[in-house]
Every structure is written in C-alpha cells, then in structure tokens.
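Right, I'll just put the structure down here and ask away after.
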Amino acid sequence: MKPGNQTPVTEFILEGLPNTRELPSLFFLLFLLLYLLTLMGNTLTLLTVLCNSRLHALPMYCFLGHLAFLDTCLSSVTVPKILAGLVGPSGRAISFGGCVVQLYTFHFLCSTECFLYTVMAYDRFLAVCQPLRYSVVMSRKTCLWLAAGTWLTGSIHAVIQAFLTFHLPYCGPNQVEYFVCDIPAMLKLACADTAANQVVILANIGAVAAGCFLLICVSYAYIASAILKIRTVQGRQWALSTCSAHLTLVLLYYGPPVFIYLHPSSSQASDGAVAVFYTAVTPVLNPFIYTLRNKEMKKALRKVVCGQTLSLHA
C-alpha cells in the first residue's frame, strides 16, 4: 500500500480469549471472582506490611508489599478489559492511544515484577548464605534503592517496547487476535516489514528475562549449597521455608512469557490460555503461596483483620 493511500487506524478491536464466547456469563463470573480475590488478597497483604512497623522495616516484607501492589495493578490492566469484552462487542474496542497505554503499562508492570523477583532472590541469598552481614548489606536505604531501581528499569524497558511497536504504521486490519494489546499480536497488524522489530524486541525481552532468571538461578545455587551445609534440621527447614514460596512464584511467573515470546508462531488459543496464568491466576496465588504460608505474615494479618473488626464495632 502506498503511503499516500494509508488511513491510520484510530481504534482496535480485541478478540479476547478464545473459546469464551460460547459461555460468556460463566467466564464473566469466573474472571470477576479471580479479580476480586486478587484485589482482596493483595490489598490485605499490602495493608498488613504497611500497618505492621516490624514487617515494614524488614526488606523481605518490603519487597513483598511491592509485589502485592504490582500484582494488583497488573491484574487491573488486563482483567477489566476481559470482563468488558465478555459483556458485549462494544467492550472489546480500544482506542489507538488506549492501546499504546495498555501495552506500555502491561510491559512496565511485567518487567518491574521480573526485576523484583531477582532482587528478592538476592535478598534470600544474603539471608541464608551471609546471615551475619545481612542487616548491614540489606539496610533500609539499600532496600529502598533496590525497589526504586526495579520500577525505573521496568519503565525504561517498557518505553523501548512501546516505541519499537508503535512507531510502525498501522493502516490495515484492526482486529487484535489477543485479549490485550501485546507485542506479537500488534506486530501482525503493522503495515510494514516487522522482521527487524521482532528481532530487536525479542532480543530485548530475552536479554531481560534470561538475565534475571540467570541471576535467580545463581542465587539459588549458592542457597542450595548453603542449605546442605546446615547441620540442624530446624535450620534447614527455616531456610527451605523462606525460599520455597519465592521459587514457586518464579517458576509460575517465568514459564508463560517464555512460551509466548519464544514461540511467536504459536496459536492464539495456546498463547491466550498460557498468558492468563501470569495476568489473572498468578496474582491470585501470590498472597496464598507467599503470604499465608508465612507464620509472621499470618500473625500480622490476624492483627490487621481483628483490629479493623474491633474498630467497626466500637
């Protein structure tokens, strides 16, 4: 198509999740339940950390509060639009500017969470392998700088992805074969050769994901070696309990994106089903896996809930 004849796209239509249109009411209730549980679980986690001065001062729980906030935001970027699409065709429409904002926010939150998991692995490495130096190295100031660094690097990464995706012309079909404005689906609609963009984007995402995952693996290799040297059963149980939840979430988080971005030719159905895990399901699981298995968090959570109940009756 000649440049002079191109009509820029002003609106996109999100196709939504496959195999959900046959029973829209059922899937609407399912995703609404997941979203409400996400908001409730992660909000309680965040409030528990903020309201408890002891937890608020510990790096592990400081990072956990950031994770709860990220999960709430990530779910809010995707699930409400899924719900709107299940209500009716008009809910699947999204403006060009809205699509840009959604893609940027989606990758900003996902990459920030990726960096945060890496920082949390480093925190666990210090706690298990260098317990005597932990309070000195992981000071309050260091904790805040590391948390701020995850947000900053996530923002930079998202800006790069959004620019590489939307500096291309969009003048043809506007049917996005996905439930969110994401890179693989958007590049299919561009009115230009996207081969170079795909290479650069995949290399950028791959470098971030692989780099973070490698650092996490190195941290856990040292942690495993340190655990094997612990002689007491109680000491080993503490080390395993403090790391098992984080390791479980890392595996749940990294699996789906790797499948989607390293298999760009995979079907919409498989991509959509896999992506739902880290956008709708994982944010629900995080409070249960990471928070409710922790005795200190459960104790602090009971204080928050009981305190709110008493204040209502007062």
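Any Cβ shown, glycine's included, is placed from N, Cα and C.
What TrEMBL shows for this protein is this:
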type     : residues : note
DOMAIN   : 41-290   : domain 'G-protein coupled receptors family 1 profile'
TRANSMEM : 26-49    : transmembrane segment
TRANSMEM : 61-83    : transmembrane segment
TRANSMEM : 103-122  : transmembrane segment
TRANSMEM : 143-164  : transmembrane segment
TRANSMEM : 199-223  : transmembrane segment
TRANSMEM : 235-255  : transmembrane segment
TRANSMEM : 275-292  : transmembrane segment
Can you name the far-off residues of the same chain, 6+ from the ends of the transmembrane segment (61-83), with a Cβ under 8 Å from a Cβ of it?
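Contacts of the transmembrane segment (61-83) (Cβ under 8 Å, skipping residues fewer than 6 from its ends): 14, 16-17, 28, 31-32, 34-35, 38-39, 42-43, 45-46, 49-50, 52, 55, 91, 94, 102, 105-106, 109-110, 112-113, 116, 119-120, 123, 143-144, 147, 150, 179-180, 279-280, 282-283, 286-287, 290-291, 296-297.
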With a Cβ cut-off under 8 Å, give me the same-chain residues at least six positions beyond the ends of the transmembrane segment (275-292) that come close to it.
17, 31, 34-35, 37-38, 41-42, 44-45, 48, 64, 67-68, 71-72, 74-75, 77-79, 82, 110, 178-180, 182, 245-246, 248-249, 252-253, 255-257, 260, 298, 301
What else in the chain is close to the transmembrane segment (26-49), if you only count residues 6 or more beyond its ends and a Cβ gap under 8 Å?
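For the transmembrane segment (26-49), the nonlocal Cβ contacts are 17, 20, 55-56, 61-62, 64-65, 68-69, 71-72, 75-76, 79-80, 82-83, 86-87, 280-281, 283-284, 286-288, 291, 297, 300-301, 304-305.
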What is the average pLDDT across the domain 'G-protein coupled receptors family 1 profile' (41-290)?
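The average pLDDT of the model in the domain 'G-protein coupled receptors family 1 profile' (41-290) works out to 86.
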